[in-house]
Amino acid sequence: FKGGDTCEYLLSSGRFLGEKVWQPHSCMMHKYKNSEAKNCLIDKHVVFIGDSRIRQLFYSFIKLINPQVKEEGIKHGNIPFEDKSASIKVVSFYLGSVAKPHIIVVGAATWSIKIHNGSNEALAQYKINITSIAPLLEKLAISSDVYWVLQDPVYEDMLSESRKMITNEKIDAYNEAAVRILNSSSRNSKAKVKVFSVSKLIAQETIMKSADGLHLPESSRDTNAMILMNVYCNKIMKPIDGSCCQPQPPLTLIQKIAFCFFTLSIIGYLIISLIHRNNYRKNKSCTDLESGEEKKPTISTPNVSTLEMLLHCFCKLGLIMTYFYLCDRANLFMKENKFYTHSSFFIPIVYILVLGVFYTENTKETKVLNREQTDEWKGWMQLVILIYHISGASTFLPVYMHIRVLVAAYLFQTGYGHFSYFWIKGDFGVYRVCQVLFRLNFLVVVLCIVMDRPYQFYYFVPLVTVWFMIIYATLAVWPQIVQKKANGNCLWHFGLLLKLICLLTCIYFLSYSQGAFEKIFSFWPLSKCFELNGNVYEWWFRWKLDRYVVFHGMLFAFIYLALQKHQMISEGKGDPLFSNRVSNVLLFISIVSFLTYSIWASSCKNKTECNELHPSVSVVQILAFILIRNIPGYVRSVYSSFFAWFGKISLELFICQYHIWLAADTKGILVLIPGYPMFNVLVSTFIFVCVAHEISQITNDLAQIVVPKDNSTLLKRLLCIAGFFSGLHFFSAMQDQSRH
């Protein structure tokens, strides 16, 4: 930690992650689109003053606003550019004067070196000239952003004879003079001329690719232009993945209330702990003098212990949420952009798979998709998804398509698990519903408050929550059909199938009627939960992407439980699921289907087209995996305890990664230890996993306290929770009013 001035880092330091990807030191750089650049520079006047190198930077800058611009202006004269739609003016000057601009980019030296043949007299005159204009630049810097661009090095071997006098030694002397004079004359930090020295670092890596040894290749100029755009626009546009030059966001009213609540919880827990400790010591030291026997401690009521447990949970949660805030909202830790390479994704995948195999144990039961197996399945999928996110593998389409199947498999398990529970247990009570909703949503609700993010931002939790409620509504609505009832009369099976067909019809209708879907989720309070950036389009897209897979999970559970009931499958230890012949045929079909899907996914060329097919075909690979994993008895009888351990905290891992493993709301990577990428990943991962495990325990403990089994008490709690969310809505509305 070296302070929070990320603008200084952006202008002066960084490194290449690849041939064309520049990574500033300690912060993330946003890649501005044309529309974003226009919005930032609306009604702005930008001026570039200097020689041919500045002219090239000028062209790269205006191409961020309008990519169609051609470099055909007058070489040794003023080149104006104007975007009338946004009232943007950008001008490249050699001489001249205009009204005071908002941004001034200045730089020159190579022309002076050339026309004076690199003489010392020219350098002396250059120092005099810089000394003369420095006060004027500082005066402009009071109301404008002024950048002095240091001279880039040259590739001396490629320079023409007329430019041989422009040497790197001379350029360094001119740069040193400019920096010394500008820094010494600067007395007011607010009116400081910013030295744009990062261009020099970029040129050192890329000047060898120059066409003439003097001018930078186009990709390097574009990087410099993008850095300029980030320096000026990040504080205006506030992009999530552009942490450079962004001030720390102010605390909202809700965040302040949350901070006070957690502080009081910590104080309350410490006070109660001290009281209990003192009572324990007194009771321990209290002995019967006549008999010499120690008396048992007299007391502690269940109410006190419940309160202590509640405060203990909120105490730990408060400390954890402080860490979340420091990692991803305060400008305390560094953040870096992701950069994908095949090795950064596939090597960790191989590593965790080998680890998983080493921790193989026998299962307690050998049923299809038993608890250990589903935990294992969720665990390895979650680890693969985590590696996918931190490596930035979403840019590689074949990997993206396979990860989409893993997300679909989670939802498949949602359909399978909840259907199986309701079908077998027949428990449609409020207690069960509240327990599930609390465990799914508790962490996300807390993060929405602490991190000032909408509920839909953590898209996966709204997704599984809505699907749980759809499954519940489908099975709970009259007539309630459960296994016990269906066993008495086979017609009830057809009734259940009719319910599933109705559900499929509704899913199909909503997936092709965006208007109807948006109307349903645009009513308050649903709109507050599912809107992102003012509309529910993101929610519709997420829901539509895996719209059939929960239904597939429910249908699979129904068929499997029916086969199990009629003893058409064998689930004994070491036994194949079906007869040898049928098992071999199904196993062969499953392997072929699995590989066929992978080949298709790997050959995808267009993400939009593949996403359209994904909802219908993802179940092929999911079912193929289930059959491959369960048909052979010896495979079904073992599981990886390593993966199963992670599977038990998979939801917490998925959510916590947003802020304490990744950074900038998953757009970048959190850097706790700069300069040592591998060590940083090890340390941040260890903390991240420990925190996720702790939050899982806190959630389970609180679920037992907050969601009681007694219906009357539960109803009172639900009213309190409704009041809590009404209060949140009120404070949120107040916050929005104050912002406007």
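Cβ atoms are placed via backbone N, Cα and C, with glycine included.
Per TrEMBL, the features are:
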type     : residues : note
DOMAIN   : 22-71    : domain 'NXPE C-terminal'
DOMAIN   : 237-718  : domain 'Cas1p 10 TM acyl transferase'
TRANSMEM : 257-275  : transmembrane segment
TRANSMEM : 309-327  : transmembrane segment
TRANSMEM : 339-359  : transmembrane segment
TRANSMEM : 379-400  : transmembrane segment
TRANSMEM : 430-450  : transmembrane segment
TRANSMEM : 457-479  : transmembrane segment
TRANSMEM : 491-510  : transmembrane segment
TRANSMEM : 545-563  : transmembrane segment
TRANSMEM : 583-601  : transmembrane segment
TRANSMEM : 643-664  : transmembrane segment
TRANSMEM : 676-695  : transmembrane segment
TRANSMEM : 715-734  : transmembrane segment
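Taking pairs at least six residues apart, the transmembrane segment (339-359) and the transmembrane segment (309-327) share fewer than three Cβ pairs below 8 Å and do not count as touching. For the transmembrane segment (257-275), the partner stretch with the most Cβ pairs below 8 Å, chosen from 309-327, 491-510, 583-601, is 309-327. Packing against the transmembrane segment (643-664) from elsewhere in the chain are residues 28, 240-241, 243, 323-324, 327-328, 333, 335-336, 356, 359, 372, 374-383, 385-386, 389-390, 410, 440, 443-444, 447, 451, 458, 460-461, 670-671, 684-685, 687-689, 691-693, 695-696, 699: each is 6 or more residues past its ends and has a CB under 8 Å from a CB in it. In the domain 'NXPE C-terminal' (22-71), the DSSP tally of helix, strand and coil residues is 19 helix, 9 strand, 22 coil.
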